[in-house]
Amino acid sequence: MRGGLIALFAATFLELCGLFMYGPLLLFTLKARGLEEAWIGLFGAVQWLGMALATPFTAGWVRRLGARRALLLAAAVPLVAYAGINLSDAVPLWAVLYLIAGMAGALRWIVAETMVAELAPPERRGRIVGLFETMVGLTFVVGPACLSALTGAGLDAGWIRWLAVGLLAAALLLSLRVPALHSHLEDDGARPGLRGILDALRAAPAVMAAGLIGGFFEAGLSSVLPLYGLAIGLGAALAALLVSASGLGSAVMMVPVGELVDRFGRQAVWKLCALVNLAATLLLPWVGEAGALAWLIALLWGGAGGGLYTVAMIDIGHRHQGVALVSATAVLVMSYTLGGMMAPALGGMALQWSPQTGFPLLLAAWALAGVLAITFMPDRAPRPPRPARSAPSD
(Lines of atoms letter the chains of each structure in order from A and count residues from 1; the text may use other names and numbers.)
(Lines give C-alpha, C1' and ligand atoms only; values in the text may rest on other atoms or scores of the structure.)
Protein backbone atom coordinates (compact mmCIF):
# COMPACT_ATOMS: atom_id res chain seq x y z
CA MET A 1 0.00 0.00 0.00
CA ARG A 2 2.89 2.35 0.70
CA GLY A 3 4.12 2.01 -2.89
CA GLY A 4 0.62 2.71 -4.15
CA LEU A 5 0.38 5.87 -2.06
CA ILE A 6 3.75 7.06 -3.37
CA ALA A 7 2.64 6.45 -6.97
CA LEU A 8 -0.66 8.25 -6.29
CA PHE A 9 1.14 11.22 -4.74
CA ALA A 10 3.63 11.44 -7.63
CA ALA A 11 1.00 11.08 -10.37
CA THR A 12 -1.19 13.74 -8.79
CA PHE A 13 1.79 16.08 -8.42
CA LEU A 14 2.81 15.82 -12.09
CA GLU A 15 -0.74 16.12 -13.41
CA LEU A 16 -1.54 19.22 -11.35
CA CYS A 17 1.78 20.86 -12.21
CA GLY A 18 0.89 20.40 -15.87
CA LEU A 19 -2.59 21.83 -15.33
CA PHE A 20 -1.32 24.88 -13.45
CA MET A 21 1.20 25.55 -16.21
CA TYR A 22 -1.43 25.16 -18.89
CA GLY A 23 -4.33 27.10 -17.36
CA PRO A 24 -2.71 30.54 -16.88
CA LEU A 25 -0.98 30.25 -20.27
CA LEU A 26 -4.33 29.60 -21.94
CA LEU A 27 -5.78 32.71 -20.27
CA PHE A 28 -2.82 34.80 -21.43
CA THR A 29 -3.37 33.47 -24.96
CA LEU A 30 -7.01 34.54 -24.87
CA LYS A 31 -5.99 37.95 -23.53
CA ALA A 32 -3.49 38.35 -26.38
CA ARG A 33 -6.31 37.57 -28.82
CA GLY A 34 -8.20 40.59 -27.50
CA LEU A 35 -10.91 38.94 -25.38
CA GLU A 36 -12.30 41.03 -22.51
CA GLU A 37 -11.64 40.03 -18.89
CA ALA A 38 -15.28 39.03 -18.33
CA TRP A 39 -15.18 36.56 -21.23
CA ILE A 40 -11.81 35.20 -20.14
CA GLY A 41 -13.19 34.71 -16.64
CA LEU A 42 -16.16 32.80 -18.04
CA PHE A 43 -13.80 30.63 -20.08
CA GLY A 44 -11.84 29.88 -16.90
CA ALA A 45 -15.10 28.82 -15.26
CA VAL A 46 -15.84 26.24 -17.98
CA GLN A 47 -13.48 23.66 -16.50
CA TRP A 48 -15.10 24.09 -13.09
CA LEU A 49 -18.52 23.72 -14.72
CA GLY A 50 -17.39 20.36 -16.10
CA MET A 51 -16.36 19.28 -12.62
CA ALA A 52 -19.70 20.35 -11.18
CA LEU A 53 -21.62 18.45 -13.88
CA ALA A 54 -19.64 15.23 -13.36
CA THR A 55 -19.45 15.16 -9.57
CA PRO A 56 -22.95 13.69 -8.88
CA PHE A 57 -22.13 10.66 -11.05
CA THR A 58 -18.68 9.81 -9.69
CA ALA A 59 -19.84 7.33 -7.03
CA GLY A 60 -21.72 5.32 -9.66
CA TRP A 61 -18.75 5.38 -12.02
CA VAL A 62 -16.41 4.20 -9.28
CA ARG A 63 -18.79 1.40 -8.30
CA ARG A 64 -18.95 0.17 -11.92
CA LEU A 65 -15.29 0.60 -12.88
CA GLY A 66 -13.47 0.20 -9.59
CA ALA A 67 -11.23 2.87 -8.13
CA ARG A 68 -8.12 2.03 -10.16
CA ARG A 69 -9.84 1.96 -13.57
CA ALA A 70 -11.68 5.18 -12.75
CA LEU A 71 -8.34 6.77 -11.82
CA LEU A 72 -6.76 5.71 -15.13
CA LEU A 73 -9.72 6.93 -17.18
CA ALA A 74 -9.63 10.27 -15.38
CA ALA A 75 -5.90 10.62 -16.13
CA ALA A 76 -6.23 9.75 -19.83
CA VAL A 77 -9.12 12.07 -20.76
CA PRO A 78 -7.40 15.41 -19.87
CA LEU A 79 -4.29 14.26 -21.72
CA VAL A 80 -6.33 13.81 -24.91
CA ALA A 81 -8.32 17.03 -24.33
CA TYR A 82 -5.29 19.28 -23.87
CA ALA A 83 -3.52 17.70 -26.83
CA GLY A 84 -6.64 18.53 -28.85
CA ILE A 85 -6.49 22.16 -27.73
CA ASN A 86 -2.86 22.32 -28.82
CA LEU A 87 -3.79 21.06 -32.28
CA SER A 88 -6.64 23.55 -32.84
CA ASP A 89 -7.06 27.33 -33.09
CA ALA A 90 -10.85 27.30 -32.57
CA VAL A 91 -11.74 28.88 -29.22
CA PRO A 92 -15.23 27.24 -29.10
CA LEU A 93 -13.56 23.83 -29.45
CA TRP A 94 -11.14 24.82 -26.68
CA ALA A 95 -14.12 25.51 -24.43
CA VAL A 96 -15.68 22.10 -25.17
CA LEU A 97 -12.41 20.25 -24.53
CA TYR A 98 -11.84 22.32 -21.38
CA LEU A 99 -15.29 21.25 -20.18
CA ILE A 100 -14.54 17.57 -20.85
CA ALA A 101 -11.19 17.83 -19.08
CA GLY A 102 -13.00 19.33 -16.10
CA MET A 103 -15.43 16.41 -15.97
CA ALA A 104 -12.53 13.94 -15.91
CA GLY A 105 -10.80 16.12 -13.34
CA ALA A 106 -13.73 15.70 -10.95
CA LEU A 107 -13.46 11.91 -11.18
CA ARG A 108 -9.70 11.94 -10.68
CA TRP A 109 -9.97 14.35 -7.77
CA ILE A 110 -12.60 12.37 -5.87
CA VAL A 111 -10.95 8.99 -6.45
CA ALA A 112 -7.51 10.27 -5.39
CA GLU A 113 -8.85 11.93 -2.24
CA THR A 114 -10.87 8.90 -1.18
CA MET A 115 -8.00 6.49 -1.82
CA VAL A 116 -5.65 8.58 0.32
CA ALA A 117 -8.21 8.90 3.13
CA GLU A 118 -9.07 5.19 3.07
CA LEU A 119 -5.51 3.87 2.78
CA ALA A 120 -4.29 6.06 5.65
CA PRO A 121 -4.35 4.48 9.15
CA PRO A 122 -7.00 6.22 11.32
CA GLU A 123 -4.46 7.38 13.89
CA ARG A 124 -2.34 9.00 11.15
CA ARG A 125 -5.10 10.15 8.81
CA GLY A 126 -4.82 13.83 9.69
CA ARG A 127 -1.10 13.86 8.99
CA ILE A 128 -1.28 11.85 5.74
CA VAL A 129 -4.21 13.84 4.36
CA GLY A 130 -2.36 17.01 5.38
CA LEU A 131 0.73 15.82 3.51
CA PHE A 132 -1.36 15.06 0.43
CA GLU A 133 -2.95 18.51 0.50
CA THR A 134 0.51 20.03 1.04
CA MET A 135 1.67 18.28 -2.09
CA VAL A 136 -1.38 19.58 -3.94
CA GLY A 137 -0.59 23.08 -2.68
CA LEU A 138 2.98 22.75 -3.97
CA THR A 139 1.61 22.24 -7.47
CA PHE A 140 0.03 25.70 -7.24
CA VAL A 141 3.58 26.99 -6.73
CA VAL A 142 5.60 24.75 -9.03
CA GLY A 143 3.29 24.87 -12.05
CA PRO A 144 3.00 28.67 -12.36
CA ALA A 145 6.65 29.11 -11.32
CA CYS A 146 7.72 26.83 -14.18
CA LEU A 147 5.46 28.79 -16.52
CA SER A 148 6.98 32.07 -15.31
CA ALA A 149 10.53 30.76 -15.77
CA LEU A 150 9.84 29.38 -19.23
CA THR A 151 8.06 32.52 -20.47
CA GLY A 152 10.79 34.66 -18.92
CA ALA A 153 13.37 32.63 -20.84
CA GLY A 154 11.52 33.43 -24.06
CA LEU A 155 10.26 29.92 -24.82
CA ASP A 156 7.40 29.84 -27.30
CA ALA A 157 3.94 29.39 -25.75
CA GLY A 158 3.18 26.46 -28.03
CA TRP A 159 6.18 24.54 -26.75
CA ILE A 160 5.21 25.26 -23.15
CA ARG A 161 1.73 23.86 -23.76
CA TRP A 162 3.24 20.63 -25.11
CA LEU A 163 5.55 20.39 -22.10
CA ALA A 164 2.47 20.59 -19.88
CA VAL A 165 0.84 17.80 -21.88
CA GLY A 166 4.01 15.75 -21.38
CA LEU A 167 3.56 16.06 -17.62
CA LEU A 168 0.02 14.72 -17.98
CA ALA A 169 1.36 11.75 -19.94
CA ALA A 170 3.90 11.01 -17.19
CA ALA A 171 1.10 11.19 -14.62
CA LEU A 172 -0.91 8.61 -16.56
CA LEU A 173 2.06 6.23 -16.59
CA LEU A 174 2.56 6.60 -12.84
CA SER A 175 -1.15 6.00 -12.24
CA LEU A 176 -0.67 2.49 -13.63
CA ARG A 177 1.25 1.64 -10.44
CA VAL A 178 -1.64 2.52 -8.12
CA PRO A 179 -3.27 -0.68 -6.77
CA ALA A 180 -6.96 -1.54 -6.89
CA LEU A 181 -9.06 -0.58 -3.87
CA HIS A 182 -11.97 -3.01 -3.64
CA SER A 183 -13.96 -1.34 -0.86
CA HIS A 184 -15.48 1.02 -3.43
CA LEU A 185 -17.22 -1.99 -5.00
CA GLU A 186 -18.65 -3.39 -1.78
CA ASP A 187 -22.27 -2.90 -0.74
CA ASP A 188 -22.00 -0.84 2.45
CA GLY A 189 -25.63 0.34 2.45
CA ALA A 190 -24.79 3.75 1.01
CA ARG A 191 -26.81 4.99 -1.95
CA PRO A 192 -24.66 5.95 -4.98
CA GLY A 193 -25.21 8.90 -7.27
CA LEU A 194 -27.23 12.00 -6.53
CA ARG A 195 -29.23 10.34 -3.72
CA GLY A 196 -26.05 9.44 -1.86
CA ILE A 197 -24.77 12.98 -2.27
CA LEU A 198 -28.02 14.39 -0.87
CA ASP A 199 -27.78 12.01 2.10
CA ALA A 200 -24.24 13.19 2.84
CA LEU A 201 -25.21 16.83 2.39
CA ARG A 202 -28.16 16.59 4.78
CA ALA A 203 -25.92 14.96 7.38
CA ALA A 204 -23.18 17.61 7.28
CA PRO A 205 -24.13 20.90 5.56
CA ALA A 206 -21.10 22.58 7.14
CA VAL A 207 -18.96 20.53 4.74
CA MET A 208 -20.73 22.25 1.83
CA ALA A 209 -20.01 25.69 3.28
CA ALA A 210 -16.35 24.90 3.93
CA GLY A 211 -15.90 23.49 0.43
CA LEU A 212 -17.66 26.42 -1.26
CA ILE A 213 -15.59 29.12 0.45
CA GLY A 214 -12.39 27.10 0.23
CA GLY A 215 -12.87 26.48 -3.49
CA PHE A 216 -13.60 30.15 -4.15
CA PHE A 217 -10.46 31.45 -2.45
CA GLU A 218 -7.92 28.67 -2.97
CA ALA A 219 -8.61 27.27 -6.43
CA GLY A 220 -11.08 29.63 -8.12
CA LEU A 221 -9.08 32.78 -7.52
CA SER A 222 -6.01 31.10 -9.03
CA SER A 223 -7.80 31.49 -12.38
CA VAL A 224 -8.29 35.22 -11.93
CA LEU A 225 -5.20 36.24 -9.94
CA PRO A 226 -3.09 36.65 -13.12
CA LEU A 227 -5.72 39.07 -14.45
CA TYR A 228 -5.72 40.93 -11.13
CA GLY A 229 -1.94 41.19 -11.32
CA LEU A 230 -2.18 42.70 -14.80
CA ALA A 231 -4.87 45.11 -13.57
CA ILE A 232 -2.63 46.47 -10.79
CA GLY A 233 0.27 46.96 -13.19
CA LEU A 234 2.31 43.76 -12.93
CA GLY A 235 3.90 42.10 -15.96
CA ALA A 236 2.69 38.71 -17.14
CA ALA A 237 5.51 36.77 -15.43
CA LEU A 238 4.98 38.50 -12.06
CA ALA A 239 1.20 38.23 -12.36
CA ALA A 240 1.51 34.45 -12.81
CA LEU A 241 3.56 34.31 -9.60
CA LEU A 242 0.52 35.48 -7.61
CA VAL A 243 -0.84 31.98 -8.24
CA SER A 244 2.43 30.60 -6.86
CA ALA A 245 2.00 32.70 -3.72
CA SER A 246 -1.47 31.24 -3.22
CA GLY A 247 -0.10 27.74 -3.74
CA LEU A 248 2.72 28.39 -1.29
CA GLY A 249 0.12 29.26 1.34
CA SER A 250 -1.61 25.96 0.67
CA ALA A 251 1.67 24.06 0.76
CA VAL A 252 2.97 25.38 4.07
CA MET A 253 -0.32 25.31 5.98
CA MET A 254 -1.89 21.91 5.32
CA VAL A 255 0.23 19.76 7.66
CA PRO A 256 -0.09 22.28 10.54
CA VAL A 257 -3.83 22.42 9.88
CA GLY A 258 -4.04 18.62 10.16
CA GLU A 259 -2.13 18.69 13.44
CA LEU A 260 -4.40 21.46 14.79
CA VAL A 261 -7.49 19.40 13.93
CA ASP A 262 -6.09 16.42 15.85
CA ARG A 263 -5.51 18.68 18.86
CA PHE A 264 -8.35 21.23 18.88
CA GLY A 265 -11.12 19.72 16.72
CA ARG A 266 -12.66 20.53 13.37
CA GLN A 267 -14.96 23.41 14.30
CA ALA A 268 -12.29 25.53 15.97
CA VAL A 269 -9.88 25.17 13.05
CA TRP A 270 -12.63 25.86 10.51
CA LYS A 271 -13.48 29.15 12.26
CA LEU A 272 -9.81 30.11 12.42
CA CYS A 273 -9.34 29.53 8.68
CA ALA A 274 -12.49 31.52 7.84
CA LEU A 275 -11.35 34.47 9.98
CA VAL A 276 -7.87 34.49 8.42
CA ASN A 277 -9.54 34.50 5.01
CA LEU A 278 -11.65 37.53 5.93
CA ALA A 279 -8.69 39.40 7.45
CA ALA A 280 -6.62 38.88 4.29
CA THR A 281 -9.45 40.14 2.09
CA LEU A 282 -9.81 43.31 4.15
CA LEU A 283 -6.18 44.17 3.28
CA LEU A 284 -6.96 44.52 -0.45
CA PRO A 285 -7.62 48.30 -0.44
CA TRP A 286 -3.99 48.89 0.59
CA VAL A 287 -2.45 46.93 -2.31
CA GLY A 288 -2.25 50.11 -4.39
CA GLU A 289 0.04 51.71 -1.80
CA ALA A 290 2.13 48.59 -1.14
CA GLY A 291 2.18 46.33 -4.18
CA ALA A 292 4.09 43.57 -2.37
CA LEU A 293 1.03 43.17 -0.13
CA ALA A 294 -0.69 41.35 -3.02
CA TRP A 295 1.62 38.36 -2.56
CA LEU A 296 0.94 38.19 1.18
CA ILE A 297 -2.82 38.32 0.58
CA ALA A 298 -2.62 35.58 -2.05
CA LEU A 299 -0.54 33.44 0.33
CA LEU A 300 -3.12 33.84 3.12
CA TRP A 301 -5.98 33.02 0.74
CA GLY A 302 -4.24 29.84 -0.33
CA GLY A 303 -3.52 28.76 3.25
CA ALA A 304 -6.94 29.58 4.69
CA GLY A 305 -8.96 28.36 1.70
CA GLY A 306 -7.00 25.14 1.50
CA GLY A 307 -7.33 24.73 5.26
CA LEU A 308 -11.12 24.81 5.04
CA TYR A 309 -11.06 21.99 2.49
CA THR A 310 -8.46 19.92 4.33
CA VAL A 311 -10.34 19.99 7.64
CA ALA A 312 -13.49 18.82 5.87
CA MET A 313 -11.63 15.98 4.13
CA ILE A 314 -10.11 14.78 7.41
CA ASP A 315 -13.54 14.83 9.03
CA ILE A 316 -15.34 12.79 6.37
CA GLY A 317 -12.42 10.36 6.21
CA HIS A 318 -13.11 9.56 9.87
CA ARG A 319 -16.87 9.23 9.33
CA HIS A 320 -17.15 7.13 6.15
CA GLN A 321 -15.78 4.18 4.15
CA GLY A 322 -16.46 2.74 0.69
CA VAL A 323 -19.24 4.25 -1.44
CA ALA A 324 -20.35 6.43 1.48
CA LEU A 325 -16.86 7.95 1.53
CA VAL A 326 -17.04 8.58 -2.23
CA SER A 327 -20.46 10.28 -1.85
CA ALA A 328 -19.31 12.43 1.07
CA THR A 329 -16.16 13.40 -0.81
CA ALA A 330 -18.33 14.22 -3.82
CA VAL A 331 -20.31 16.70 -1.68
CA LEU A 332 -17.07 18.37 -0.65
CA VAL A 333 -15.67 18.39 -4.19
CA MET A 334 -18.98 19.60 -5.64
CA SER A 335 -19.09 22.55 -3.28
CA TYR A 336 -15.38 23.28 -3.78
CA THR A 337 -15.92 23.10 -7.54
CA LEU A 338 -18.89 25.45 -7.35
CA GLY A 339 -16.76 27.95 -5.47
CA GLY A 340 -13.94 27.49 -7.97
CA MET A 341 -16.35 28.03 -10.85
CA MET A 342 -17.90 31.18 -9.38
CA ALA A 343 -14.61 32.89 -8.52
CA PRO A 344 -13.31 33.43 -12.08
CA ALA A 345 -16.77 34.24 -13.45
CA LEU A 346 -17.62 36.82 -10.77
CA GLY A 347 -14.02 37.94 -10.33
CA GLY A 348 -13.56 38.64 -14.03
CA MET A 349 -16.69 40.81 -14.10
CA ALA A 350 -15.64 42.62 -10.91
CA LEU A 351 -12.18 43.33 -12.36
CA GLN A 352 -13.70 44.71 -15.54
CA TRP A 353 -15.98 46.95 -13.48
CA SER A 354 -13.39 48.19 -10.95
CA PRO A 355 -10.17 46.46 -9.82
CA GLN A 356 -9.84 48.89 -6.89
CA THR A 357 -13.47 48.76 -5.66
CA GLY A 358 -15.55 46.00 -7.21
CA PHE A 359 -13.00 43.21 -6.76
CA PRO A 360 -12.34 43.88 -3.04
CA LEU A 361 -16.07 44.25 -2.30
CA LEU A 362 -16.87 40.94 -3.98
CA LEU A 363 -14.20 39.04 -2.06
CA ALA A 364 -15.06 40.68 1.26
CA ALA A 365 -18.70 39.65 0.86
CA TRP A 366 -17.70 36.03 0.17
CA ALA A 367 -15.25 35.90 3.06
CA LEU A 368 -17.80 37.32 5.52
CA ALA A 369 -20.44 34.86 4.30
CA GLY A 370 -17.97 32.06 4.96
CA VAL A 371 -17.39 33.14 8.55
CA LEU A 372 -21.13 33.34 9.24
CA ALA A 373 -21.97 30.02 7.55
CA ILE A 374 -19.25 28.02 9.28
CA THR A 375 -20.10 29.57 12.65
CA PHE A 376 -23.87 29.06 12.58
CA MET A 377 -24.58 26.18 10.16
CA PRO A 378 -25.74 23.00 11.97
CA ASP A 379 -23.92 19.68 11.82
CA ARG A 380 -26.25 16.66 12.10
CA ALA A 381 -23.70 13.97 11.32
CA PRO A 382 -22.37 11.77 14.13
CA ARG A 383 -19.03 12.81 15.53
CA PRO A 384 -16.08 10.71 14.35
CA PRO A 385 -14.70 8.43 17.06
CA ARG A 386 -11.48 9.47 18.74
CA PRO A 387 -8.57 7.04 18.43
CA ALA A 388 -8.28 4.85 21.51
CA ARG A 389 -5.39 5.67 23.82
CA SER A 390 -2.85 2.95 24.33
CA ALA A 391 -2.61 1.48 27.80
CA PRO A 392 0.57 2.53 29.62
CA SER A 393 3.27 -0.11 29.60
CA ASP A 394 4.84 -1.38 32.76
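All positions are counted from 1 along the displayed chain.
Positions of Cβ are set from backbone N, Cα and C atoms, glycine also.
Curation plays no part in TrEMBL annotations; they are all automatic predictions.
Residues belonging to the domain 'Major facilitator superfamily (MFS) profile' (4-381) score a mean pLDDT of 82 in the model. Residues or ranges marked as domain 'Major facilitator superfamily (MFS) profile' by TrEMBL: 4-381.
Summarising the annotation, TrEMBL assigns transmembrane segment to 7-27 (among others).
Residues or ranges marked as transmembrane segment by TrEMBL: 39-62 (among others).
According to TrEMBL, the transmembrane segment annotation covers 69-85 (among others).
Same-chain residues lying 6 or more positions outside the transmembrane segment (91-111) and placing a CB less than 8 Å from one of its CB atoms are 15, 19, 26, 30, 33, 43, 46-55, 58, 61-62, 67, 70-71, 73-78, 81-82, 84-85, 326, 329-330, 333, 337. What TrEMBL records for 91-111 (among others) is transmembrane segment.
Sequence-distant neighbours of the transmembrane segment (131-153) (same chain, 6+ residues past either end, Cβ-Cβ under 8 Å): 9, 12-13, 16-21, 24-25, 113, 116, 160, 163, 222, 236-238, 240-241, 243-244, 246-255, 257-258, 302, 306, 309-310, 313. Feature annotation from TrEMBL assigns transmembrane segment to 131-153 (among others).
Under the heading transmembrane segment, TrEMBL lists 159-179 (among others). Through the fold, the transmembrane segment (159-179) approaches residues 1, 3-4, 7-8, 10-12, 14-15, 17-19, 21-22, 25-26, 68, 71-72, 75-76, 78-79, 82-83, 85-86, 115, 147, 150-151 of its own chain, all at least 6 residues removed from its boundaries and within a Cβ separation under 8 Å.
What TrEMBL records for 200-221 (among others) is transmembrane segment.
Residues or ranges marked as transmembrane segment in TrEMBL: 227-256 (among others). Note on the transmembrane segment (227-256): residues 20, 24, 27-28, 31, 37, 40-41, 127, 130-131, 133-145, 147-148, 151-152, 218, 221, 287-288, 291, 294-296, 298-307, 310, 347-348, 351, 355, 359 of its chain, located 6 or more positions outside it, place their CB under 8 angstroms from a CB of the stretch.
Summarising the annotation, TrEMBL assigns transmembrane segment to 268-287 (among others).
Beyond its flanks by at least six residues, the transmembrane segment (293-311) meets 129-130, 133, 136-137, 140, 210-211, 213-219, 221, 225, 228-229, 232, 234, 241-243, 245-254, 257-258, 261, 266, 269-270, 272-274, 276-277, 279-281, 283-284, 286-287, 332, 336, 370, 374 of its own chain at Cβ-Cβ distances under 8 Å. Among the features that TrEMBL reports, transmembrane segment is placed at 293-311 (among others).
Per TrEMBL, the feature transmembrane segment maps to 323-346 (among others).
The transmembrane segment annotation in TrEMBL covers 358-377 (among others).
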Compare 69-85, 200-221, 268-287, 358-377 by their Cβ pairs under 8 Å to the transmembrane segment (7-27) and return the stretch that comes out on top.
-> 69-85
Select the range from 39-62, 69-85, 200-221, 268-287 that forms the most Cβ-Cβ pairs under 8 Å with the transmembrane segment (358-377).
-> 268-287
